[in-house]
């Protein structure tokens with residue numbers, strides 16, 4: 001996946017501005033399908049490497065990643081948590097939700113990219129002397145071969161992560177099972193590559209030239225010795241190649257099938273669970289590492305959030321505050337929509353966007369129903385758009401921003417500190433402009 005992304009961003013690239021624009025599009029589209037937080041976790045270090053490779057400051061690219069991820073996630077109910085809450089409470093189908101917000105999302109991403117280009121045009125146009133920062137330039141091979149381990153969110157090298165995962169997985173198995181599992185991992189992770197990595201790779205490479213191009217390495221010797229009992233080496237390697245290709249095709253089919261099922265209006269919860277189980281069976285490995293990737297503290301946090309919001313509603317304070325604002329926040333006029341959007345922006349940055357949606361959702365829908373039943377859907381979509389784009393206002397506005405900031409700061413070799421004020425300088429104008437344009441494009 002990262003190899004494809006690297007090729008897509010750098011393919012016929014016309015420079016830093018072109019790459020920034022591509023990062024905006026890739027981040028937005030991937031966030032609509034895989035949620036904004038996931039896209040930011042996966043792409044942050046990749047973007048850092050691209051910036052270092054071009055010998056450019058990384059913060060315009062990091063801002064592009066975080067802000068575009070938030071905007072892109074507004075297009076679908078599975079793009080972010082607050083959209084999922086809105087889709088469930090409003091009973092809006094996946095297709096209707098997508099159709100209602102996609103125009104605003106696409107124009108919003110383009111406008112956001114233009115704002116970034118205008119603010120950092122000179123910076124992106126500057127050509128640094130390569131001799132001044134050769135230590136920070138990242139080779140293209142390092143970018144396209146970037147691999148990420150979402151289980152630990154660590155930044156160890158690919159070989160190190162494989163060794164660690166292999167040791168932890170083999171600790172609970174018998175010697176024979178460990179050998180067979182190690183073989184499977186070796187075939188999956190190492191054989192498709194052009195070279196077999198080992199401590200003595202250079203020495204083995206020289207030996208292969210002198211001995212009739214026969215490659216001897218600890219990894220290859222172990223594979224061949226184990227597989228003498230199963231099948232000839234030639235058949236084994238051809239089988240692995242085609243099995244890997246078939247495995248990739250099945251992953252694409254399962255993912256595409258999940259999206260088709262969502263567009264057909266099937267239950268989002270059961271569709272996601274079915275796709276996850278299908279992928280787990282397709283992977284056909286111990287499910288423990290997958291279950292360890294689940295953030296149970298985050299699940300408890302969301303459960304507690306629903307309980308806390310419900311308790312706050314019982315106090316009557318939200319109802320009193322809404323009674324004061326409702327006459328000025330009618331969605332049948334432009335001024336009312338603007339006031340409602342400003343209230344959502346403020347509350348989303350003060351109390352986070354999910355509690356804002358839980359507090360205002362039913363009240364905004366009831367207010368719209370009093371005007372016209374046809375406006376209820378539009379009210380929900382306005383809430384979804386404003387609460388999502390509000391995450392770009394400040395660094396603390398969304399989890400996606402914090403993920404990008406923390407991932408960039410803790411990167412051992414490519415570390416960069418994205419400060420609160422640097423984000424705010426871009427976030428305020430971008431959020432206000434993109435929100436206003438999107439509100440005019442939302443379809444009921």
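The backbone N, Cα and C atoms fix where each Cβ goes, glycine too.
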Matching range for TrEMBL feature annotation, transmembrane segment, among 26-49, 50-73, 74-97, 98-121: 98-121
334-351, 352-369, 406-423 - the one TrEMBL records as transmembrane segment: 334-351
The domain 'Citrate transporter-like' (1-390) [mean pLDDT, rounded to integer]: 75
Candidate ranges 334-351, 381-404, 424-442 - greatest C-beta contact count to the transmembrane segment (98-121) (under 8 angstroms): 424-442
Segment proximity, the transmembrane segment (249-282) to the transmembrane segment (424-442), 3 or more C-beta pairs under 8 Å: no
Tertiary contacts of the transmembrane segment (381-404), as residues 6+ beyond its ends and Cβ separation under 8 Å: 31, 36-37, 39-41, 44, 62, 65-67, 69-71, 73-74, 79-80, 82-83, 86, 92, 97, 100-101, 104, 108, 112, 331, 337, 340-341, 344-345, 348-349, 353, 356-357, 360-361, 364, 418-420, 423-424, 427-428, 430-431, 434-435, 438-439, 442-444
Residues from the same chain, set at least six apart from the ends of the transmembrane segment (249-282), whose C-beta lies under 8 A from its own: 33, 77-78, 84, 87-88, 93-95, 98, 290
